[in-house]
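Have a look at the structure below before the remarks.
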Amino acid sequence: MAIILGIDPGSRITGYGVIQRAGRQQQYLGSGCIRMQGDALAPRLQQIFDGVSQLILQYKPDMFAIEQVFMAKNPDSALKLGQARGAAIVAASNQGLDVAEYSARQIKQSVVGNGNAQKSQVQHMVTFILKLPGTPQADAADALAVALCHSHTNENLIKMSGQVKKTVRGRLR
């Protein structure tokens with residue numbers, strides 16, 4: 001059993017999603033948004049760090065995954081997003097968690113089966129996979145998708161490592 005915390009970073013709103021994986025089953029544990037107050041960047045980064053640190057203490061995840069920075073049209077937005085990611089990553093690292101990073105395309109491919117999926121398709125699949133009673137907010141759904149992507153990727157890595165261990169003289173055993 002593993003608890004996975006997924007993060008969809010943002011300098012104004014950071015989404016989080018927590019799932020538990022037991023075998024091939026994924027169970028929803030929680031999701032929501034950390035909403036930053038104020039206009040100054042430094043206090044907002046502190047709020048992200050504090051919020052993610054609190055989530056780690058609350059849910060005690062075994063794994064931490066975060067979405068990578070995408071290329072924004074506005075360079076200033078990309079820099080702020082990178083700093084928001086940094087605050088979340090340091091919070092995870094500070095608690096001894098390894099950090100896995102996935103591109104938006106990888107996340108969409110893993111959850112929807114299409115790397116060019118629309119946000120509404122991601123929300124629908126997250127709701128379906130986790131059997132949620134309603135559709136989560138966009139940022140929370142994205143964070144749950146990050147956690148699901150890590151769950152799927154980690155499961156495949158475990159399967160592959162199991163196959164490697166079973167290979168003897170070029171044959172699967």
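Using N, Cα and C of the backbone, Cβ positions are placed for all residues, glycine too.
Straight from Swiss-Prot, the features:
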- Asp8: active site (ACT_SITE)
- Asp8, Asp139: Mg(2+) 1 binding site (BINDING)
- Glu67: active site (ACT_SITE)
- Glu67: Mg(2+) 2 binding site (BINDING)
- Asp139: active site (ACT_SITE)
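Features as recorded by Swiss-Prot, highlighted on the structure.
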residue : record                : CB count, 10 Å
Asp8    : active site           : 26
Glu67   : active site           : 25
Asp139  : Mg(2+) 1 binding site : 23
In angstrom units, rounded to an integer, how far apart are the Cα atoms of Asp8 (active site) and Glu67 (active site)?
6
Reported as an integer number of Å, what is the Cα distance between Asp139 (Mg(2+) 1 binding site) and Glu67 (active site)?
11
